[in-house]
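Accompanying notes for the structure given below.
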Amino acid sequence: MHTSILANTSAAGIRAINSICTAKLNRMPSLNQKIHSAGSTGRTTNSRETTIPNPDDLEQPQQNPSVQDINNRRPAVFKNSLHETACVLIFTLAVGCTSIAVGNFQITLDHLAKDFGVSGGTLAWSVSSINLANASFLLLAGNISDIIGRKNCIVGGFIWFTIASLICGFMHNYIAVVVLRALMGIAVSFSVPSSGGLLSSYYPISVRKNRVMACFAAGAPVGFCAGVVSGGICAEYLSWRASQFFLSIVYGCVSIITILIVPTDSKVTKENKHILHRLSKLDYGGGLLITAALTLVVFAFNQSSVPVSGWDTSYIIATLVVGLVMIICFIFYECHIPKRPVMPMFIWKSRDFSLAMVTVFFSWMCFNGVLTYFSILYFEQILNYSPLHTTACILPMTICGIIVNILAALVLHLVPGKLLLSIATASFAASAIIWATMDQHTSYWRGPFEAYCLAVIGADLTFNVVNMVTVNSVNNELQGAAQGIFQTMIQISTALGLALSNTIVSQKFPQFAKGVDLKNPQEVKELFHSFKYAYYFAIGAGGMGIIVSLFVKVGRSGTDEARRKKEEWDLKNKEYYEGKTETSNYI
């Protein structure tokens, strides 16, 4: 009896508790809906009891994607993967524009020399003019691109380059050819920093960005090889003029495609009415100073190897001194006068950025300033190869360059950048040593082939690592200026390397500047030995690159650590970006 009373009491208590719980649940609509939505698969005790859902049928909470996963997604500005790939290729063609033009012209130097009757330092102007003009205007062009829109600068640069190439092909005056080559360099100065700035703003630090930047970096060395191939074919079967027409056709088509598919800068679209106001605040004084300074310095070194000039000529010394003084004035001016300098000196406070720029300066002086230029002269003047035969000798650089860039894209987030940079600079020096120590008739596979492969390994790895340092050193609003500094270092080191190496060779073999009789075996032999002194200079430049690279502290790119350092850098320099440069007012 007591047992039955206890059971009835317990049952009544349970029903009371159930009633209270049901009333509570009815006051919670969202939870009540979830519980009753599972009624078809749930368990019930009676009609008055709450439906209890089956735990297996409840939706499991989703884990939030990591920052790395989000950053590795395709940027929203691209409609699909095909659109993204096409835009990246266009930007790669932009950074390769100078290299294509230089390679396209270098392979036709022998034909150009015969057509216009020039040699030595005078002949070098046809190559160095595009690098000099490019370097002189890159800083100002990078700032302009941040204001009027990077896409606008890319399109304008491509169209300008197309027209200049077309006109150059019709010229029958050597000075006119050099001037038009300089105009091509100015056109490129607008396209390159704009392309790098757009890519940097599209992609946050991630593995995907590493791969995109590796493709972008391939534009320089692979572009040079593509220029050599196209120029060699044109020179062999048509003339050097045909190579200029080829460039105008290619970049004319690229201009149209760029207009159609490259996304427009959203910020520029919103602030279109303020463009003239922002342009009026540009540092034109700094742009004029650096342009004049670089022109005078390179002019002095180039003219020193011309027979009618030389270091005994007073105006050569005068232009060099004035150029160096103007560089000092430029640095002082940029530090104290303009509110938004054409070269933000605060960027140089980043130790790694400064050392990376010095490294790329010596590396490209060795690579484009000596190795590529004199290697082509070696094949065409020493071995008397045709342009097409010379092209075949240089072709392995293209294949090796593509392979190295693919590997770089795969390992940038795994291998410290410092190690890659050390390997790159050592490769430059090793390539120069091979050229300096080989005989006149050394087997191609035991000399030039190895040297070319090492040189392109150095170029690709250096460009990838230093480009990553550059884009991570500033915020998105100053990407154009940072890319301008990076590209300026490449172009001015190339122009100076060409000028200095030609001066060295002319001093050791004066006939080089006057014109060598390539049918005279003795003169050809002396010419070959004079080239060795240019390679010794390249070894010195490569060695300096090795020493400086040892002090660069660059970790793995695309990792959480790299992202954290970038955020700390942006936060630390926020006052400078928004105050010193008045970024918030007109950028």
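Glycine is treated like the rest: Cβ placed from N, Cα and C.
Taken from TrEMBL, the feature compositional bias 'Polar residues' covers 34-53 (among others).
Here TrEMBL flags 34-69 as region 'Disordered'.
Under the heading compositional bias 'Polar residues', TrEMBL lists 60-69 (among others).
Annotation comment: TrEMBL describes 82-102 (among others) as transmembrane segment.
Residues or ranges marked as domain 'Major facilitator superfamily (MFS) profile' in TrEMBL: 87-557.
TrEMBL lists 122-141 (among others) with the feature transmembrane segment.
Positions annotated as transmembrane segment by TrEMBL: 153-172 (among others).
The transmembrane segment annotation in TrEMBL covers 178-200 (among others).
Same-chain neighbours of the transmembrane segment (212-233): 88-89, 91-108, 195-196, 199, 203, 240, 243, 246-247, 368, 372, 376, 387-388, 390-391, 394-395, 397-398, 401-402, 405-406, 408-409, 412, 456, 459-460, 463-464, 467-468, 471, 490, counting only residues six or more beyond its ends whose CB sits under 8 Å from a CB of the stretch. The transmembrane segment annotation in TrEMBL covers 212-233 (among others).
Positions annotated as transmembrane segment by TrEMBL: 245-262 (among others).
Long-range neighbours of the transmembrane segment (282-301) within the same chain, counting only residues 6 or more positions beyond its ends whose Cβ lies under 8 Å from a Cβ of the stretch, are 128, 132, 135-137, 139-140, 143-144, 147, 316-317, 319-320, 322-324, 326-327, 329-330, 333-334, 337-338, 340-343, 492, 495-496, 499-500, 503. The transmembrane segment annotation in TrEMBL covers 282-301 (among others).
If you look at the transmembrane segment (313-333), the same-chain residues 6 or more away from its ends with a CB under 8 A from one of its CBs are 285-286, 289-290, 292-297, 299-301, 303-304, 345. Feature annotation from TrEMBL assigns transmembrane segment to 313-333 (among others).
Using a Cβ-Cβ cut-off under 8 Å and counting only residues 6 or more beyond its ends in the same chain, the transmembrane segment (353-376) has close neighbours at 102-103, 106-107, 109, 124, 127, 131, 224, 228, 347, 390, 394, 421, 424-425, 428-429, 431-432, 435, 448, 451-452, 455, 458-459, 462-463, 465-466, 469-470, 473, 485-486, 489-490, 492-498, 500-501, 505, 531, 534-535, 537-539, 541-542, 544-545, 548-549, 551-552, 554. Feature annotation from TrEMBL assigns transmembrane segment to 353-376 (among others).
Residues or ranges marked as transmembrane segment in TrEMBL: 388-412 (among others).
Look at TrEMBL and you will find 419-438 (among others) tagged as transmembrane segment.
Per TrEMBL, transmembrane segment is recorded for 533-555 (among others). Note on the transmembrane segment (533-555): residues 351-352, 355-356, 358-359, 362-363, 365-366, 369-371, 374, 416-418, 421-422, 424-426, 428-433, 435-436, 465, 468-469, 497, 500-502, 504-505, 508, 561-562, 565 of its chain, located 6 or more positions outside it, place their CB under 8 angstroms from a CB of the stretch.
The transmembrane segment (153-172) and the transmembrane segment (245-262) are in contact, since at least 3 Cβ pairs between them lie under 8 Å (pairs 6 or more apart in sequence).
The transmembrane segment (82-102) shares more Cβ pairs under 8 Å with 178-200 than with any other stretch in the list 122-141, 178-200, 245-262, 388-412, 419-438.
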